[in-house]
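Q: Below you will find the structure I want to go over with you.
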């Protein structure tokens with residue numbers, strides 16, 4: 001028996017929801033194919049495959065297989081570029097979790113699936129955190145709590161930009177303030193509440209206002225040449241809000257569907273004005289991990 005699952009790219013933090021908020025993107029995605037075996041082996045193809053470890057102890061899908069006691073021959077077709085800030089390792093972990101649970105007939109509930117996938121994330125980041133794997137499994141908008149996951153089946157237009165630069169996760173974590181003035185805390189709580197309401201109502205204006213934060217994004221923006229120019233250009237083109245995706249360097253802009261193409265182009269132009277090459281694409285908040293038909297195409301979209 002072979003099980004094939006597609007799991008999407010994700011954007012975590014969303015400005016005001018540091019380590020808490022996440023959304024699934026309709027594209028790109030990883031596609032993971034699993035088959036029972038005595039020991040786990042991993043092969044990887046697709047975007048940035050050369051940067052993805054195939055040692056099961058170092059690969060997120062391999063760690064998931066060990067956590068579930070579900071050895072398998074695992075093939076990962078990467079659609080989510082590693083080190084993009086779009087949850088590349090989480091996409092593989094999420095797809096592997098859903099696929100292996102199906103392969104071994106393990107009826108796990110959503111929280112258990114997310115917990116298992118988060119263990120895989122520890123192979124990539126050193127921390128079993130769920131802000132990317134939760135939306136990769138459940139889709140829509142998710143809120144990660146210590147005792148569970150809140151989920152909203154949101155659907156909003158987005159533009160995503162990938163500048164040709166790198167941001168170390170260690171550096172991105174290192175610049176996050178350890179303390180903050182009460183005024184900044186109140187402002188961030190206000191934004192987080194506004195964003196959550198906006199997701200519940202599929203309101204791009206509220207979500208756009210809600211991604212603004214006074215704590216994490218300003219600190220991380222200093223690590224990204226061209227971010228301020230790209231953010232300003234996107235807003236001029238109709239974006240209701242712009243923020244760094246995860247620890248970067250990916251950038252996500254909230255917008256109305258009619259403005260999405262123009263916003264994507266503006267993000268590229270903004271980075272270009274600062275001497276940074278970039279590419280961008282149009283997407284939306286989308287579905288989570290999905291099993292593909294047995295004879296389906298396992299190419300990563």
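One-based numbering along the chain as shown.
Glycine is treated like the rest: Cβ placed from N, Cα and C.
Residues annotated as ATP binding site in Swiss-Prot, with sequence analysis given as evidence: 81, 82, 83, 84, 85, 86, 87, 88, 89, 90, 91.
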Q: Check each residue in the chain of residue 89 (ATP binding site) that is at least six apart in sequence and keep those whose C-beta is under 8 Å from its C-beta; list them in sequence order.
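A: Listed in sequence order, they are 60, 82, 120, 121, 123, 124, 125, 132.
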Q: Applying the rule Cβ within 8 Å of the centroid of the Cβ atoms of 81, 82, 83, 84, 85, 86, 87, 88, 89, 90, 91, what extra residues of the same chain belong around the ATP site?
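A: Output for this site, in sequence order: 9, 80, 246.
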Q: What number of additional C-beta atoms lies within 10 angstroms of the C-beta atom of residue 85 (ATP binding site)?
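A: A count of 28.
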Q: Report the member of 81, 91 (the binding-site residues) whose C-beta atom has the most other C-beta atoms within 10 angstroms.
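A: When each Cβ's neighbours within 10 Å are tallied, 91 tops the list.
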Q: Using a Cβ cut-off under 8 Å and a sequence separation of 6 or more, which residues in the same chain sit near residue 87 (ATP binding site)?
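A: Expected: 9, 10, 11, 12, 22, 80, 132, 133, 135, 136, 246.
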Q: Give me the long-range Cβ neighbours of residue 83 (ATP binding site): same chain, 6+ apart, Cβ under 8 Å, in sequence order.
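A: Listed in sequence order, they are 48, 51, 166.
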Q: Using DSSP and three states only, what is residue 81 (ATP binding site)?
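A: The residue in question, residue 81 (ATP binding site), is coil (DSSP, three-state).
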Q: Using DSSP reduced to three states, classify residue 87 (ATP binding site) as helix, strand or coil.
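A: In the DSSP reduction, residue 87 (ATP binding site) maps to coil.
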